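Undergrad: Just dropping this structure here.
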Amino acid sequence: MQVFVQLLITGVAMGFIYALVGIEYTLIWNSTGLLNFSHDKFILFGAYMFAGSYVLSLGLPPVLAILCTVLTMFLLGMVSAFAIFNPLSRLSTNLFAVIGTVILGRIITECVRLIWGPLPFTLDNFLRGSFHLGPIVVSKAHIVIIVVCSIITAGLQIFFKTTKMGKAMRCVSENKTAASLMGINVPMNIAFTVGLSALICATIGVLVIPIFNVELQMSSMIGLKGFASGVIGGFGYLPGAIVGGILLGVVEIFGSMIIPSVYKDCLSFVLLIIFLLIKPSGILGNRR
């Protein structure tokens, strides 16, 4: 029983990470109509900025370093929106826009390599250790991931339903032309959305540092599984990304007990293919 609980907590923790990435895909898709395939590189940049610059180079306390990282990434996200996402969203061919986000991701990767170098590193004392709940041993990192991601997802739901900016973002996602006629500044709205997405990416990058080494390929699979979670849950629907991410994480962890763990990544994409064949709208796609 204790092994089951430990695996369940691990699966839910990883599922929340995938869910947040799926939410980012949803945010950008709803505001710009673009599939942004540079999310994982924003995660990478956030992790390197936190660990490489604010903690190791400047010696800031972790909490202050996290605040500096998310604020910096929010500003960089807004800048990238005005420079890249707003122009791409006006292209008549979505294929060119998708290619543009892939190129942006490559540029970010090379910037990381140029600024912090190609060698991996880690933070030995950051979110290490475990909690003992009777006979159950739970990783501190997994508990923090579940708590932080739960707060973020709940906060986003409240933000979109109760705040003026959140309602404006929902309006833009429904119809940009109508939103513009109602007096909403659509380019600024898109910039705020991309900035918010970059902020979430930075948070993910910080949270996964205890699980992965800080290295150039650390976020590639996270980005792909986040996209899969969005499709499985119902693409373009925020609660769907949450459900899809948690399902994906739990299936992956428990599946690794049946098949060799080296193949556990395949389970995520097998599940994605099954949903594309049987229920392409996703679990909650019809409830949007």
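Using N, Cα and C of the backbone, Cβ positions are placed for all residues, glycine too.
Checked TrEMBL, it gives:
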type	residues	note
TRANSMEM	6-30	transmembrane segment
TRANSMEM	64-88	transmembrane segment
TRANSMEM	95-116	transmembrane segment
TRANSMEM	136-160	transmembrane segment
TRANSMEM	190-212	transmembrane segment
TRANSMEM	232-254	transmembrane segment
TRANSMEM	266-285	transmembrane segment
Undergrad: To the transmembrane segment (6-30), which of 64-88, 136-160, 232-254 is linked by the most Cβ pairs under 8 Å?
TA: 232-254
Undergrad: Do at least three CB pairs under 8 A connect the transmembrane segment (232-254) and the transmembrane segment (136-160), leaving out pairs fewer than 6 apart in sequence?
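TA: Yes, since the transmembrane segment (136-160) and the transmembrane segment (232-254) share at least 3 Cβ pairs closer than 8 Å, they count as touching.
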Undergrad: How about long-range neighbours of the transmembrane segment (64-88): same chain, 6 or more residues beyond its ends, C-beta under 8 Å?
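TA: Contacts of the transmembrane segment (64-88) (Cβ under 8 Å, skipping residues fewer than 6 from its ends): 28, 32, 34, 36, 42, 45-46, 49-50, 54-55, 58, 96-97, 100-101, 104, 187, 190-199, 201-203, 205-206.
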Undergrad: Sequence-remote contacts (6 or more beyond its ends) of the transmembrane segment (190-212), Cβ cut-off under 8 Å?
TA: 17, 20-21, 23-24, 27-28, 31-32, 36, 39, 42-51, 66, 69-78, 80-82, 85-86, 89, 122-123, 126-128, 139-141, 144-145, 148-149, 152, 165, 169, 172, 218-219, 222
